Amino acid sequence: MANSQRKILVTSALPYANGPIHLGHMLEYIQTDIWSRFQKLRGHECHYICADDAHGTPIMLKAQQLGMAPEEMIAQVNVEHQQDFADFNVAFDNYHSTHSDENRALASEIYLKLRDGGYIKSKTISQLFDPEKSMFLPDRFVKGTCPKCKSEDQYGDNCDACGATYSPTELINPRSAVSGATPVMKETEHFFFDLPAFEGMLKAWTRSGALQSEMANKLDEWFEQGLQQWDITRDAPYFGFEIPDAPGKYFYVWLDAPIGYMGSFKNFCDKRGDINFDEFWAKDSSAEVYHFIGKDIVYFHSLFWPAMLHGAGFRQPSSVYAHGYVTVNGAKMSKSKGTFIKARTYLDHLDPEYLRYYYAAKLSARIDDLDLNLEDFAQRVNSDLVGKLVNLASRTAGFITKRFDGKLAAVADKSLIDSFLAKQDVIAELYEAREYGKAMREIMALADVANGFVADAAPWQLVKQDDKQEEAHQVCSNALNLFRILVTYLKPVLPRLAKDVEDFFRMELTWDGLDSDLSGHEIAPFKPMMQRVELDKVAAMVEASKENLQATAEPVKTGPLADDPISETISYEDFAKIDLRVALIQKAEAVPEADKLLKLQLDIGGEVRQVFAGIKSAYNPEDLEGKLTVMVANLAPRKMRFGMSEGMVLAAGPGGKDLFVLEPHAGAKPGMRVK
């Protein structure tokens with residue numbers, strides 16, 4: 001081994017358990033998986049841990065819409081997530097859920113330690129409340145205009161446009177994202193984490209090298225604005241963990257979500273039995289803990305999380321690594337264009353190794369966005385993996401099998417092999433630093449050299465000459481040695497290809513074994529290892545993404561539309577036949593013989609109509625007199641046993657007490673046409 005063994009725990013952000021994985025998500029899991037596989041390839045003890053983030057109001061509401069219990073829904077999503085990851089060759093050592101006994105115990109433990117340390121404050125707050133749904137609105141379920149930059153349609157906790165954080169009550173023109181109703185203020189008791197108490201510690205930690213410089217600079221801006229106490233409470237109804245000693249109060253999902261890293265690792269330790277949880281999480285731990293995350297959740301992972309850990313007596317992360325967003329063809333992922341591609345849709349059409357390589361080729365240690373240009377994707381995979389890498393073996397392996405009994409020669413001139421081996425430290429340093437793009441360029445530069453060597457030597461010409469057989473054997477053996485080194489360098493990125501190459505060489509590809517002498521080593525017959533990317537398959541994937549959108553475009557409706565769907569479409573000509581007029585209710589009286597009817601005398605501007613309206617359950621007759629309303633004036637008269645009804649007034653609502661007669665704004669006059 002090149003260096004002493006390290007103890008490493010690495011995590012990716014926990015995917016939310018209310019929907020499928022897409023290619024934007026996959027960037028992070030591929031990035032982390034490459035790093036984890038590299039550490040293991042180098043001989044280190046590395047554990048890659050993840051879980052589904054399974055709590056919160058969105059989970060609760062989605063389950064309600066599907067007619068399922070939240071526990072049932074998150075269990076189903078967990079299976080789907082794990083299958084997607086497995087098929088992309090993402091090798092977690094443990095994949096769990098935040099809705100677990102381990103996570104409940106750890107969340108309660110951390111909370112109680114923070115409370116005992118004086119870091120939990122209680123106060124009564126005024127919070128937005130949805131009067132239609134009778135529920136307090138979590139910050140992500142309030143939308144409105146950002147109070148900082150004035151961008152519209154922003155969530156109640158932070159602005160996607162400017163990155164500002166704020167409370168939902170600061171939003172301009174807030175509305176409930178659940179019902180669309182204008183929320184009202186209502187008092188409730190909440191618990192707060194005293195984040196400002198950790199400012200000194202956080203300033204030191206964020207400048208300790210634990211963060212990328214871009215992240216550290218962004219945090220300086222937040223420090224200048226001043227840290228705020230963090231509301232860690234949500235009111236029932238809520239799907240999550242109830243706060244100890246506080247019935248009806250639940251932990252905010254962002255409190256127990258990062259603790260999910262610990263919960264999943266605890267589950268892993270208990271299953272294994274030979275790994276000590278405290279060796280990785282105790283305050284004096286010498287192990288390394290790394291979190292890979294997206295840039296949109298930096299605030300939680302670089303302020304709240306280390307402060308919570310410190311206050312509860314645990315260690316802080318060694319580093320938090322953030323990445324940018326994925327764009328497709330230079331633009332934000334789009335459902336209408338078919339570029340919002342689910343992981344499963346990709347897998348239905350293309351090899352996952354293609355995307356693993358393409359992402360690796362474009363990833364750096366910076367927080368830059370990564371563009372998945374689908375045309376470039378096909379060209380790069382075909383050029384690098386098929387044209388350079390696999391082609392190196394396909395052009396030479398057949399000669400070894402057919403002419404030299406499948407055995408490699410002892411390479412007389414090892415200068416080329418030595419030059420490839422000389423790059424292993426450089427490539428290792430690039431992997432370690434998450435500079436995958438630079439590592440891929442180094443490896444592909446070597447592939448160019450190897451292909452140039454084969455092209456110049458032309459073994460297909462040498463084998464035709466009796467006196468050149470040994471030279472042909474040497475050239476092909478040399479080329480396959482170079483191929484083995486290249487695939488070993490790429491093993492963290494292309495695990496499936498590496499396995500195929502291991503079967504071909506009949507040996508494991510190891511970093512320590514890069515300089516193995518393969519003289520006389522017998523190889524298996526060569527089989528095709530990778531197909532070219534066909535653009536028609538890429539196009540089919542995009543088209544399938546559009547079709548998936550068509551299938552799911554109709555959202556699960558809640559509220560009035562769920563109970564009373566919109567009627568079939570009518571033509572404009574049909575609508576134009578309806579004559580709607582403003583009417584003054586001159587007189588209203590109950591119809592004794594009828595349970596639902598009021599008899600109305602309506603003035604429509606020079607003519608008085610008698611109309612029977614089924615609104616008795618919602619209105620007292622005297623409350624209607626003198627009000628304006630809207631009636632259908634050209635409806636054919638209808639003879640009823642109480643008299644003739646000469647039209648219809650318009651009202652909204654499901655019935656009973658929930659009926660609301662339409663009333664024009666001030667200024668409207670009886671007889672005016674409504675159009």
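From the backbone N, Cα and C atoms, a Cβ is placed for every residue, glycine too.
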**Prompt:** Taking 332-336, 592-596, 622-626 as the choices, which stretch does Swiss-Prot tie to motif ''KMSKS' region'?
**Reply:** 332-336
**Item:** Range annotated as motif ''HIGH' region' in Swiss-Prot, from 15-25, 169-179, 466-476, 510-520
**Value:** 15-25
**Complete:** Long-range CB partners for the motif ''HIGH' region' (15-25) (under 8 A, at least six residues beyond its ends), listed in sequence order, are 50, 52-54, 56, 58-59, 62, 73-74, 77-78, 80-81, 84-85, 97, 325-326, 328, 333, 340-344, 346, 355, 372
**Message:** Give me the long-range Cβ neighbours of Cys159 (Zn(2+) binding site): same chain, 6+ apart, Cβ under 8 Å, in sequence order.
**Reply:** Cys146, Lys148, Cys149, Ser151, Thr165, Tyr166
**Asked** How far is it from Cys162 (Zn(2+) binding site) to Lys335 (ATP binding site), counting Cα to Cα, in Å?
**Response** 24
**Fill in**
In this predicted model, the domain 'tRNA-binding' (574-675) has a mean pLDDT of 89
**Complete:** Should one count Cβ atoms within 10 Å of each candidate's Cβ, the binding-site residues Cys146, Cys149, Cys162 would be headed by Cys146
**Request:** Let me know how many other Cβ atoms fall within 10 Å of the Cβ of Lys335 (ATP binding site).
**Result:** 15
**Request:** Could you name the residues, excluding Cys146, Cys149, Cys159, Cys162, of the same chain that surround the Zn(2+) site, i.e. Cβ within 8 Å of the Cβ centre of those residues, in sequence order?
**Result:** Pro147, Lys148, Lys150, Ser151, Gln154, Asp160, Ala161, Gly163, Ala164
